[in-house]
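Visitor: Feature annotation from Swiss-Prot assigns ATP binding site to 30, 31, 72, 75, 76, 77, 138, 139, 140, 181, 191, 228; the stated evidence is sequence analysis. The Mg(2+) binding site annotation in Swiss-Prot covers 76, and the record cites sequence analysis as its basis. Positions annotated as DNA binding site by Swiss-Prot, on the basis of sequence analysis: 301, 320, 325. For 4-191, the entry in Swiss-Prot reads region 'Large ATPase domain (RuvB-L)', with the evidence type sequence analysis. Residues or ranges marked as region 'Small ATPAse domain (RuvB-S)' by Swiss-Prot: 192-262. As annotated by Swiss-Prot, region 'Head domain (RuvB-H)' applies to 265-356, with the evidence given as sequence analysis.
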């Protein structure tokens, strides 16, 4: 991906990844601190309540936890909540940072009893580091090499019992041996508008922003099912309201603010619309191959596949078929277009998920 594409992708207001270190600081201030305050993911939350309480009653570390799902849904927040509910310390790192076995060994040997080690992007661990992790997870021991050459020898170190919480957006990239060592595996799902509305109201309260239920719902409906996006939109709408509406966030104020930001009623921005409009107007609704589509809109193939398409497919606006990408009936309706008869009759032929 060229730098301009990367910059445009990272600066999207509806991007699910953190835009900057400043935004990460802002997110930390809004994070719930206990399970009772955590909105959504009821099934996961209910399971963790049971497992955490059972571990505390037995004075044991919680079993190792794998959290996976799209970015921005609260995996890091849950890791912090787990540590707080267990009453232990949390040590945080990420897969790409742990380049050498010694990096991981230094972390593990400094953990206190029952502490939580949180590894974000755990699918990006190097094979060397992963090999060190296996005995640590199973037996609370690690083997380290001392010395070099013929004089090198392996020394086994005992570790304090601990809980590993791993987070990933790409569970399929985890190796089977690593995945099998997690006793608790939880998938986080996209949030519905009502859940996001509750998150927006809670965040607004923490920010001392005046918002009514309809204003919160308007923001929630455009947040693409993602709390991180909802909180980011809230910040921008709050700015707009303070300048244009005496600080009061109503549905009309939120609508005007988000229209100014080019975020439409279903959460599409200019890049989403550019892709869908290219399929509709340049390729008659599709099918169109990914390389032709990338050339038509001036984006890299990887940007389309990894950044733009997932939400459009998940929401039913785009299909991947063996013959290429196809705009759905929902897309025609969204842009106020009538569906050509040819699209209606050919639709069944394209109704497969694996088109390239």
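For all residues, glycine too, the Cβ spot is worked out from N, Cα and C.
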Visitor: For a three-state summary based on DSSP, what are the helix, strand and coil counts in the region 'Head domain (RuvB-H)' (265-356)?
Guide: 51 helix, 9 strand, 32 coil
Visitor: Return the average pLDDT for the region 'Large ATPase domain (RuvB-L)' (4-191) as a whole number.
Guide: 87
Visitor: Counting all other Cβ atoms within 10 Å across every protein chain shown, which of the binding-site residues 138, 301 scores highest?
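Guide: Per the Cβ count within 10 Å, the most buried is 301.
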Visitor: 140, 191: which of these binding-site residues has the highest Cβ count within 10 Å of its own Cβ?
Guide: 191
Visitor: If one measures from the C-alpha of residue 320 (DNA binding site) to the C-alpha of residue 191 (ATP binding site), what distance in angstrom results, rounded to a whole number?
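Guide: Given the Cα positions, residue 320 (DNA binding site) is 24 Å from residue 191 (ATP binding site).
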Visitor: What span in Å does the ATP site cover, taken as the longest CA to CA distance among 30, 31, 72, 75, 76, 77, 138, 139, 140, 181, 191, 228?
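Guide: About 37 Å separates the two most distant Cα atoms.
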Visitor: So how far apart do the DNA binders 301, 320, 325 get, largest Cα to Cα in Å?
Guide: 14
Visitor: In Å, rounded, how far does the Cα of residue 138 (ATP binding site) sit from the Cα of residue 325 (DNA binding site)?
Guide: 45
Visitor: When secondary structure is assigned with DSSP, how many helix, strand and coil residues does the region 'Small ATPAse domain (RuvB-S)' (192-262) contain?
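Guide: The breakdown for the region 'Small ATPAse domain (RuvB-S)' (192-262) reads 51 helix, 4 strand, 16 coil.
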Visitor: Measuring Cα to Cα, how many angstrom lie between residue 191 (ATP binding site) and residue 325 (DNA binding site)?
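Guide: Cα of residue 191 (ATP binding site) to Cα of residue 325 (DNA binding site) measures 26 Å after rounding.
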Visitor: For residue 325 (DNA binding site) and residue 72 (ATP binding site), determine the Cα separation and express it in whole Å.
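Guide: For residue 325 (DNA binding site) versus residue 72 (ATP binding site), the Cα atoms are 26 Å apart.
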Visitor: Between the binding-site residues 320, 325, where is the Cβ count within 10 Å the lowest?
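Guide: Selected from the binding-site residues 320, 325 on minimum Cβ neighbours within 10 Å: 320.
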Visitor: What residue among the binding-site residues 30, 72, 76 has the most other CB atoms lying within 10 A of its CB?
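Guide: Checking each of 30, 72, 76, the winner is 72.
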Visitor: Whole-number Å only: compute the distance from the Cα of residue 76 (ATP binding site) to the Cα of residue 301 (DNA binding site).
Guide: 29
